[in-house]
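What TrEMBL records for this protein:
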- 29-204: domain 'TLC' (DOMAIN)
- 6-24: transmembrane segment (TRANSMEM)
- 36-55: transmembrane segment (TRANSMEM)
- 75-94: transmembrane segment (TRANSMEM)
- 158-179: transmembrane segment (TRANSMEM)
- 191-212: transmembrane segment (TRANSMEM)
Amino acid sequence: MLFPLPLRAACSLLAWFCLYKWFCHRYRHRNLEWSCRLVTLTHGILATCLSAYIGFIDGPWPLSHPGSPNTTLQVHGLCLSLGYFIFDLCWCVYFQTEGALMLAHHLVSIVGIAASLALGESAGDVNAVIFGSEITNPLLQARWFLKELGRYHTFTGDLVDFLFVVLFTGVRIGVGAWLMYCELASPRPRWYIKLGGVVMYVVSWVFMVSICRFARRKSISKYQAWRSRRSRELGCKTNGHLKGH
C-alpha cells in the first residue's frame, strides 16, 4: 500500500468534510441539513456504483468467497465509505438529527469496515453490505429533497416511495438474507465479522417494520383519497339531472 490505512481513512474524512463545506457555501441560502444531505446523496451514488463494480465485475463474488483476502480496489472502496460514515456520525451527533437506531447503524458500519481493513480480509463481504445499504440511499435523499421543495405529494413522490420500498425489501431483506446465510455457513470469516453482519441484518429488519407501517398508512390514505375523488366525480355527473319517470 502506498499510504497507511489510517492516513487514507483520514484523507477520506477530510475530503467529505471539504465537500460539505463547499455545499454549505454553494447553498448558503439553505439550512445545513440540505448540504449534509447532498453529501449523503453523493456518497450513496458513489458507494453504490463502486461496490457494484467490485462485487459484480472485479470480484471475488462475496456469496461464494466470503472471508477472502482484501483486494486493492476493495480497500479503496472501504476507505471511501469509512471516512463518510465517520463524518456523518459526527454530524448527526453534533446536530442531534438522528435517533439511536441510525447512530447504531453508522457505528456498526464504522467498526465493521475498520475491522476488515485491519484484518486484511472480508472486504468483499463488507462491500456487499455497503451495496445493499446504499442502493436505497439516493431514493431516501430524493424523498427528503422533494419534501423540502414542496413536491413530495406528486406522482414523482409516489414513484420514489414505491421504488424505495421495492428495493429495500428485495435487496436489503431478500438478498441480505442470502448473504447472511453464506456468511454464517462459511468457516472462513471471523466470528466478529459474522456477528457484525447479523447485527446489520437485524437493523435492516427494524427499518423494514417502520417501512411496512409507512407503506400501509400511505396505501390506506391513497385509497381513501381515490374513493373520495370518485364519489365527487359521480356526484358531479348526476347533479342537476332528474330521474326519469
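Heads up, the Cβ atoms here are built off N, Cα and C, so glycines get one too.
Quick caveat, the model's predicted, so the values are computed rather than measured.
Here the transmembrane segment (6-24) has Cβ contacts under 8 Å with residues 32, 34-36, 38-39, 42-43, 75, 79-80, 82-84, 86-87, 91, 114, 117 of the same chain, all six or more residues outside its ends. Remote same-chain residues near the transmembrane segment (191-212) are listed as 67, 101, 104-105, 108-109, 111-112, 115-116, 119, 122, 125-126, 129, 132-133, 164-165, 168-169, 172-173, 176-177, 179-180, 183-184 (criterion: CB distance under 8 Å, separation of at least six residues from the stretch ends).
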